[in-house]
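Peer 1: So Swiss-Prot lists these for the protein:
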| type | residues | note |
| --- | --- | --- |
| BINDING | 25, 87, 126, 457 | (6S)-5-formyl-5,6,7,8-tetrahydrofolate binding site |
| DOMAIN | 223-377 | domain 'TrmE-type G' |
| BINDING | 233, 252, 254, 257 | K(+) binding site |
| BINDING | 233-238, 252-258, 277-280 | GTP binding site |
| BINDING | 237, 258 | Mg(2+) binding site |
């Protein structure tokens with residue numbers, strides 16, 4: 001019986017729905033043989049590898065032509081999965097792609113699990129775990145900078161850094177073993193201790209520098225979580241619609257219209273801004289609105305940036321003052337909306353510079369984008385070309401654990417602990433880093449990671 005890891009799998013690799021092209025993918029030992037049974041055209045057994053071949057998809061049981069197709073034929077090992085791969089390019093549409101997929105399954109292929117093509121690429125050594133995870137980051141990237149960061153990881157920038165560090169740790173452990181087992185001079189113990197101290201500090205500095213990129217990397221991957229807050233009916237939803245340049249939120253003069261949290265993305269200087277339009281934070285007896293208010297408060301706590309909208313045409317209210325107090329953070333921008341009306345707000349009572357806007361007349365909206373750029377990009381140097389950024393929570397957690405192991409080595413050295421005992425923590429650091437690339441990752445973790453991928457990838 002062919003095991004699950006080595007049978008031939010099939011899946012639709014393009015999004016379901018109408019489109020110009022649909023692709024049904026096969027990977028495995030029998031990919032060419034199975035595809036040949038549903039293809040009328042050139043003999044796939046004799047076509048060159050990495051060739052595109054015109055023909056028709058047919059039902060072998062009836063001879064009925066299903067579609068005019070182009071078949072991409074790629075032979076192992078020079079494929080994404082390092083197996084034989086067939087890609088059947090059909091006209092886009094749910095019916096035709098699904099019919100061809102069902103034919104392939106009837107001819108002996110198995111329906112692929114989510115992420116199974118990439119999993120096979122990993123199991124066959126085509127990519128490591130960080131590169132496999134980067135595949136989904138490329139797919140999910142919302143801006144060009146997020147995409148470039150993911151592509152660098154896919155190309156192996158993070159893998160190379162981790163692998164080089166693991167090799168250096170291994171070399172250090174080997175040298176310690178040699179010095180302990182075969183001492184060639186009297187002060188070998190002192191020299192070995194100094195070697196471990198020097199190398200450990202070097203590894204620690206490298207990993208801590210990498211951790212410092214985590215905040216920026218996470219922003220590139222997930223966006224700047226931006227909560228738009230303010231009391232009801234000050235123009236929050238109108239601001240959201242203006243930034244998005246489309247109508248996403250209901251806008252009325254009725255307080256409490258936004259009853260839930262609305263999330264949308266907008267591209268600011270190549271970095272995704274995750275805009276969260278919150279329900280107006282106020283005391284209310286309406287149960288549905290009250291739930292929205294509670295969610296708004298939670299969004300406020302988790303935000304990287306707060307856009308506080310105040311009504312410039314009215315004096316400050318107690319609610320305004322409360323919002324100013326609870327949103328007092330470094331990355332806050334106070335917006336005075338409705339400046340097209342007579343200004344009555346007490347600007348001298350506001351704690352910082354404000355931006356005067358009129359969402360209705362689209363005035364000074366560009367100043368908001370410039371301020372965000374100043375807060376996150378210019379001051380922090382958010383994106384440096386060719387830099388490696390940590391953006392994956394799993395990677396961040398593991399590197400934090402690796403740094404803790406190195407701290408344990410240094411703490412042991414300070415109290416005079418024998419070097420051979422400190423090898424345990426240094427070895428643990430090496431193993432933890434291996435979990436990042438997949439060299440030391442448990443099977444359960446690998447299965448879980450690939451289950452989060454989309455079907456057909």
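Glycine is treated like the rest: Cβ placed from N, Cα and C.
The shown structure was predicted, so the numbers you read here are calculated from the model rather than taken from an experiment.
Tell me about the surroundings of these features in the structure.
Peer 2: In sequence order, 10, 11, 12, 13, 85, 86, 87, 88, 112, 117, 456 are the residues near residue 25 ((6S)-5-formyl-5,6,7,8-tetrahydrofolate binding site), counting only same-chain partners six or more apart with C-beta under 8 A. Secondary structure from DSSP puts residue 25 ((6S)-5-formyl-5,6,7,8-tetrahydrofolate binding site) in a beta strand.
In this structure, residue 233 (K(+) binding site) belongs to neither helix nor strand by DSSP; it is coil.
Residue environment of residue 237 (Mg(2+) binding site) contains 25 other Cβ atoms, counted within 10 Å of its Cβ in all protein chains.
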Peer 1: Whole-number Å distance between the CA of residue 126 ((6S)-5-formyl-5,6,7,8-tetrahydrofolate binding site) and the CA of residue 233 (K(+) binding site)?
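Peer 2: Approximately 55 Å lies between the Cα of residue 126 ((6S)-5-formyl-5,6,7,8-tetrahydrofolate binding site) and that of residue 233 (K(+) binding site).
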Peer 1: Looking only at 25, 87, 126, 457, which the record lists for (6S)-5-formyl-5,6,7,8-tetrahydrofolate, tell me the maximum pairwise CA distance in angstrom.
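Peer 2: For the residues that bind (6S)-5-formyl-5,6,7,8-tetrahydrofolate, the greatest Cα distance is 19 Å.
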Peer 1: Counting Cβ atoms within 10 Å of each candidate's own Cβ, which of the binding-site residues 126, 236, 457 comes out highest?
Peer 2: 236
Peer 1: Measuring Cα to Cα, how many Å separate residue 233 (K(+) binding site) from residue 457 ((6S)-5-formyl-5,6,7,8-tetrahydrofolate binding site)?
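Peer 2: Approximately 45 Å lies between the Cα of residue 233 (K(+) binding site) and that of residue 457 ((6S)-5-formyl-5,6,7,8-tetrahydrofolate binding site).
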Peer 1: Where does residue 457 ((6S)-5-formyl-5,6,7,8-tetrahydrofolate binding site) sit by DSSP, helix, strand or coil?
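Peer 2: DSSP assigns residue 457 ((6S)-5-formyl-5,6,7,8-tetrahydrofolate binding site) to coil.
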Peer 1: Hey, how far is residue 237 (Mg(2+) binding site) from residue 457 ((6S)-5-formyl-5,6,7,8-tetrahydrofolate binding site), Cα to Cα, in Å?
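Peer 2: One finds 37 Å between the Cα atoms of these residues.
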